[in-house]
Every structure is written in structure tokens, then in C-alpha cells.
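K.L.:
Below: one structure in C-alpha cells.
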Amino acid sequence: MAEFDWLFFTEVLIGGLLSGVMYSLVAIGFVLIYKTSGVLNFSQGALLLFAALTFVSLVEKGVPFAAAFAITFAAMVVIGVAIERTVLRPLTNKPPITLFMATLGLSYIIEGAAQLIWGTQVHGLDLGIEDIPFDVGGVFISQFDIFAAVVAASMVGALSAFFRYTRIGLGFRAVADDQFAALAVGLKLPWIWASVWAAAGLVALVAGLLWGARLGVQFSLSLVVLKALPVLVLGGFDSILGAIVGGLLVGASEKLAEVYIGDYFGGGIEGWFAYVVALAFLLIRPSGLFGQKLVERV
Amino acid sequence: MSTVTADLSPPLSLPFHAGALAVLAVAYLVVPFIGSSYLFEAILLPFLALSLAGVGLNILTGYAGQVSLGSAAFMAVGAFAAYNFNLRVEALPLIGSIVLAGLSAAAIGIVFGLPSLRLRGFYLAVSTLAAQFFVQWALTKFGWFSNNSASGVIDAPPLSLAGLSFEGPVGRYLFALTVVAVLTFLAYRLVSSQTGRNFIAVRDNETAARIIGVPVLRTKLLAFGVSSFIIGVAGVLWAFAYLRTVEPAGFNLDRSFQILFIVIIGGLASIRGAFFGAALIVVFPLVLSRLGAFLLGDIFDSGVLDMTQRIVIGAFIILFLVLEPDGLVALWDRLKSRITAALRRA
């Protein structure tokens, strides 16, 4: 091998980190719901697809950008409330794995409904950000990636502040800490769950728009969940910070592996590499980087 | 604490025995003579293969409590291993290929089950996805597995066993039926043995299981091994008896979910449940497509059908989890006891 090309390495690394931010954005949606209801919400990808499809279809029908965003967000809130009513409430106090399977069923329903309503064709989505790479000291960085990273960062900032400084955020944290105690001090669990799902819907909408602009709005959008899962495993299911760090780690290692060792495997390793990294990592720290240690009482 | 209950009836109690024998007698002596080839090709063969996969996953998820999202990967391992053993080992009888295929699937299953020694619940469920993606990638990537055919497609060899040839839909049906019957019987014996009790102990409370002397690690790996063996053989049936031509892409994540759904809808921790669940999953799309075409006519094209199917199956899952967590089996048992009670009163 010739001399190691540091410039190229940096470019790959930065590209990886920035795409990792996109993974984090999806992962945060999971974390929100896991934190407050202890459910690994598999339907997050379906929600993302639903949000992006609804938004795009509205825009194509001539609805202005802001209005389409507002309408889609309203739809996500309605869905969140409906899910709380029909799925979560009847399954309160069931084992987490039951709830997980319910969200699997939910993801089928949402995916099916989204495509039944809006059709299965691929929609292009233009957010008005051009994807022109620009030059920073010899390293090319995509403008769109930067934009996505900024959006993700502000999203995380807003959510953290929300959890930290608002009364509702305090309620969220109380429920996350101990459902029974939260109920006992008079917090309205259904209301909190509905608003958490609405918040997750908002995250899904933002992530759906960014991913949709990248890949086109179509069915495969719901598969970005599968990219987000190793991120969650790495970072821990209940940590927003973990989702960010996990996303960066997965994004960077995936790109670097694809470029530097992918050839030894004949390419196409990005489908499972993240899982292997996450697994190897889990064997050392079973609850992720920032996940809470599970204390099991017998 | 757990919502799943086990069939703790004494092993081989008479009613189960009699019922199962009656079903088998009908399946062997009546169905082959009255069934149409559509019945075999479109309903019974996929039903048998998926039921067996359901039995396999039920051992892991229902009895031992380890959720796996990678079942289709083990089916693929079974199918491709059987193909290769059959192709590359001279004079190996088909039954030998099938057993070796099951063992290969078991070996891969144990490897991907290793994380279960450290991980629980969701973390484990996610890590089984690694098996799903890795196996599918490897089978597509390395031409050797499919004897260098385009996009990894394999064709099934002719089915023959001890000089008997199983050609045609009826023959393949009888072949699949025999394999399923034997393995289901063995699975039933296993779950009602000490090992089966160990599975349940590990599922319900790992710490307590360890305290009463259950070798937890070995039990978990055994569950992964046995389950993958059965699922691997189900994969062989899927490839050799049902489709005859398969590619790795056929064993995708949706198939894994399908098998998980079979187990949930049929009833966790119940061998019979897998059959109920598979029947519903196989028959329901056919009914839906007929019904849709009948009611809506031309609007109901394949795209709409596909989406409607997804919605209804998703709704089924949630309905079952909410209303009947013990699955179709519980419904069936309740119906049966009601009928017997009514008969007694009459």
C-alpha cells in the first residue's frame, strides 16, 4: 500500500460522521418512547414513512411548505393519540416484549395505510438545500449533510431543554423513572404517553423529510429503522446522548469499513457491519454506552 | 409474572394423542385422495413448512423466552446447506442432507445465540437481526453457496427417500407431512421433558432457574440450537417441497416477522399453536384476495391487496395481543370445552 492518504481518510470520516447524524435523528425517536414507556417502538420507521409521504403528497397538491408541515404534524399527533388509545392503554403493565410485538403489528398497519392512501410511487422531495460539496481545506463536505447535522443538533438541543426545563418534560422524566409512582402523584399517564408519541411523530417528520430528500420518499424509507437499531444498541435505548454518540460511531465505522476493508469481503457489507460492531460492543457493555444498568429485582 | 402459560398437561395424555392421531390419519389417508393440486401447491405445502418453522421458533421464543427476529436466516441456512450437501457429497441420501442441513442451521443458530448469554430482551432481539442480514448477504455474495447460479437461485433436487420417489404435488405433500410429523412429535416430547421445563424456568425467571440448579447458559444455547435445527429443516421443506426454486432474497426480514406472527397469533408456548397460526397466515391472504376481488372488482389490484394484507395482519397481531394473548389455541380450547359442555347437557 502506498502512503496513507490522510486527506481521503478525513473526507470519509467526516462523510461517515455526518451520515451518522442522520441515523441519530431516527434513533432519537426510539429513545423518546423507550424512555417514557419502556417500549422499543418498531413502528418508528413506519411513522417516518407516513410523515414523509403525507408531507410530500400535500406539497405536490400545491399546499405551501409551512402549511404542509403543520398539517402533517397535526396528523402525527392524531396518530399518536390513537395509538395510545387503541394499543398502549389496553396493554398497560404487560411485559415489554408484548408491547414490542404490538408495535411490530402497528408498523404493518401504518406502512400499509400510508401507501394505501398516498400510493406506492417514488416521490422526489426538494427541501431547497442543494447537495453541492464544498471545499474545506482540501476536504469535500456535502452542504446537505451539514444542513442535516445542524437540524439534528438543534433538535437534540430543543428536546434536551424540553426534558430538562419544562413541566411536561419533568412529567416525562417522572414516568420514565417509575410509572406507578408517577400515577400515584397524579400524573396523567395517557396524556403523557400521547404527547410523547406526538413528540416522536415530530422527530419522525423531521427525520423523514431529511431522509426523504436524500433517498426519495418511498417504501424503503421505513427501512431506515434497521439502520437506527444498531445505533440504539450501541448508545443504550434510553439515552438521547447515547443515540447521538452511537449514530456518529456507527456512521463513521460503517463508511470507513466500507472504504478500507469492504474490498476484502467483496463489498456490500454496510447492511450488517453496524450490527456486528454493535454486537461486539454489547458483549463488553450489555446495556450500551450510556444506557442505564438494568437492576432486576427478583 | 409472564403472560405466556405453558401446556403443562402430562406428556402424551390421551386426548392430545387421540386428537393428533386423528388429524394425522386424515392427513395421510383422506387428503391425498380428495385434494386438488391447487390445495397442495398453494395451501398445504407452505402451511406445513411455515408450521414447522413456527414450532421451531416457539421453542425458542415461547418456551425459552428468547425473542428472535432472524428465523428466516436459519431457514435460508437450512435450504442452502441441504442443497450443497446434496450436490457435493456423493451418494448421500436425501434424509442425510436434511439432517446435516438442520445441524448446520443449529450450528449457526448457536453462534448467533451466543449474545443471549450476555443480553436480554430488546438488546437480544436486535442482535438476532445481525443473523438475518449477515446470512442473506453471505448467500448472495458468495456464489459457491448456490453453485454460482445467477443471483443465488437454487433448484431443488428430486425428492426420494429409501427408494421411494416423492414426485408431483401429492408426493411432495406426503414427504413434507412426514418430516413435519416426526419433528413435531420430537419437539413435543422435548418440551414435555426435563429440558422443556428448564426452558420454561429460564424464561420465567432466570435467577430463580439458576438457583434451583438449571444450567442457564447451556439451556439457552440448547434452545437456540434445537430451534434453529427445526427452522432449518423447515427451510429445506420450503425450498425443496414447496417452491422448488428459491433465492436468498426470499428469506428476508418479512419472512422472519411472518414466522414470529405465526407464533404470536397461534399461541406462545404451544406446539399446536404454530399450526393454527400458520393456517391463518397462509389461508388469510388467499381469502382476502378472493373477497377483495369479489367486493371491489378492478380497484382491488395486487398493490391494494398487498397493502390491505399488511394492514389486516398488523391489526390481527394487535387484536390478539390485546384480547387473546394466548392465541388461537386458547380460543380453540375454549370453543371445544363449550361444545363438550353443551353436548353433555343435551
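Yeah, the Cβs are placed from backbone N, Cα and C, and that goes for glycine too.
Under the heading transmembrane segment, TrEMBL lists A:6-32, A:39-59, A:65-83, A:95-118, A:138-163, A:191-211, A:231-252, A:264-284.
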K.L.:
Which residues of the same chain, at least 6 past either end of the transmembrane segment (A:95-118), have a Cβ under 8 Å from a Cβ in it?
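P.N.:
For the transmembrane segment (A:95-118), the nonlocal Cβ contacts are 37-43, 45-47, 49-50, 53-54, 56-57, 79, 83, 87-88, 219, 222.
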K.L.:
With pairs fewer than 6 apart in sequence excluded, do the transmembrane segment (A:191-211) and the transmembrane segment (A:39-59) have three or more C-beta pairs that lie under 8 Å?
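P.N.:
Yes, the transmembrane segment (A:39-59) and the transmembrane segment (A:191-211) are in contact.
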K.L.:
What stretch, picked from A:6-32, A:65-83, A:191-211, A:231-252, A:264-284, has the most CB pairs under 8 A with the transmembrane segment (A:138-163)?
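P.N.:
Ranked by Cβ pairs under 8 Å, first place goes to A:6-32.
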K.L.:
Other than its close neighbours in sequence, what residues sit by the transmembrane segment (A:231-252), given a CB gap under 8 Å and a spacing of at least six beyond its ends?
P.N.:
13, 16-28, 30-32, 34-35, 40, 156, 159-160, 163, 176, 274, 277-279, 281-282, 287-292
K.L.:
Thinking of Cβ pairs under 8 Å, which stretch from A:6-32, A:191-211, A:264-284 has the most of them with the transmembrane segment (A:65-83)?
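P.N.:
Stretch with maximum Cβ contacts: A:191-211.
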K.L.:
Any contact between the transmembrane segment (A:191-211) and the transmembrane segment (A:6-32)? By contact I mean 3+ C-beta pairs closer than 8 Å, pairs at least 6 apart along the chain.
P.N.:
yes
